[in-house]
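**Q** Not my notes, these are from Swiss-Prot:
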ACT_SITE  Ser166  active site
ACT_SITE  His192  active site
ACT_SITE  Asp288  active site
DOMAIN    1-116  domain 'Response regulatory'
DOMAIN    154-345  domain 'CheB-type methylesterase'
MOD_RES   Asp50  4-aspartylphosphate
Amino acid sequence: MVVDDSAVVRQVVAGLLADDPAIEVIAAVADPILAIARMKVQWPDVFVLDIEMPRMDGITFLKKIMAERPTPVVICSTLTEKGAQTSMAALSAGAVAIITKPKLGLKQFLVDASDDLISAVKAAARANVKRLQVVEKLTADAILPASDRHDAMLQTTERVVALGTSTGGTQALEVVLTALPRVTPGIVIVQHMPEKFTAEFANRLNGLCQITVREAKNNDRVVPGRALIAPGGKHMLLRRNGAQYSVEVLDGPLVNRHRPSVDVLFRSVARCAGANALGVIMTGMGDDGAAGLAEMRKAGARTLAQDEESCVVYGMPKEAVKRGGVERSVPLGAIAREIMAQMAG
């Protein structure tokens with residue numbers, strides 16, 4: 001079901017999806033009130049949902065869906081700062097993917113992005129959204145940030161943790177990062193996410209975690225107690241200068257159809273950290289990160305994968321296991337504990 005107040009978006013999105021023989025569009029409606037009426041007749045397998053709509057906003061509607069009958073939702077949101085904030089709220093409420101749309105040239109953009117849209121809907125149909133319901137864990141930092149949380153951690157470390165994830169990863173990363181203590185090895189993360197969304201995502205996590213979480217900037221140092229998330233639309237590599245790690249943020253072609261790419265990060269970690277690293281590949285569609293994790297393991301790094309049972313989409317971890325890059329597969333709830341155990345000493 002497509003729910004969007006723009007007649008152009010409804011027409012184009014519904015048409016693109018209907019052209020795929022594996023997808024049936026049961027309805028395309030202008031707002032959530034009309035959607036609710038249609039849902040009484042037939043409940044869809046997947047919703048494609050706008051955020052800003054008349055009579056009921058998309059976030060409120062999403063929460064109603066998840067409370068009544070959890071169903072995969074793909075957000076189709078305008079690429080603005082406000083759109084990024086509301087889309088992050090949607091991911092927190094249980095949406096499984098975001099497709100961004102521009103203010104201008106919308107019809108042509110949707111046609112050009114049809115492959116991404118169709119892939120997102122198909123991946124959403126396979127997602128188990130019941131696993132997306134994560135209880136928000138707040139810390140005192142959400143109300144009053146500790147003034148010394150950065151300064152005490154600015155010594156360097158030879159140990160580094162690299163995390164890679166995609167569909168379902170925003171909720172999975174929240175589970176992992178909020179469970180880590182303040183004294184934690186430096187962390188570098190690739191989460192497949194559009195441009196402008198990663199800063200809002202990092203800011204939200206920073207308010208929930210004992211560690212510092214922020215969107216990476218070029219030449220940021222990787223230090224204990226800090227997690228750096230690759231910016232949407234940019235690749236991120238780990239670099240080493242003597243005893244210090246830092247990140248390089250750069251443009252470049254899509255790798256495995258992604259930018260940032262998990263493979264790019266993992267390969268750089270394998271080359272400059274070797275046995276001092278831990279690689280973790282988590283929920284996500286496709287195979288990005290599978291080759292890079294195998295390179296990390298070959299270089300002496302410890303490697304983990306999120307297990308099938310706890311994944312929203314068991315794609316990236318499955319491919320990493322197939323390619324021999326995974327030492328152990330563990331449940332989502334055990335990953336933080338494994339990070340601390342394997343990086344101790």
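Using N, Cα and C of the backbone, Cβ positions are placed for all residues, glycine too.
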**Q** Report the mean pLDDT of the predicted model across the domain 'Response regulatory' (1-116), rounded to a whole number.
**A** 83
**Q** Would you mind ranking the recorded positions Asp50, Asp288 by how many other Cβ atoms sit within 10 Å of each Cβ and giving me the lowest?
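**A** Ranked by other Cβ atoms within 10 Å, the recorded positions Asp50, Asp288 bottom out at Asp50.
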**Q** For Asp288 (active site) and Ser166 (active site), determine the Cα separation and express it in whole Å.
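**A** Asp288 (active site) and Ser166 (active site) have their Cα atoms 9 Å apart.
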**Q** What does DSSP give as the helix, strand and coil breakdown of the domain 'Response regulatory' (1-116)?
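**A** Result for the domain 'Response regulatory' (1-116), in helix, strand, coil order: 54 helix, 18 strand, 44 coil.
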**Q** Can you give me the same-chain residues 6 or more apart in sequence from Ser166 (active site) with a CB-CB distance under 8 Å?
**A** Gln191, His192, His258, Val262, Thr283, Gly284, Met285, Gly286, Asp288, Val313, Gly315, Met316
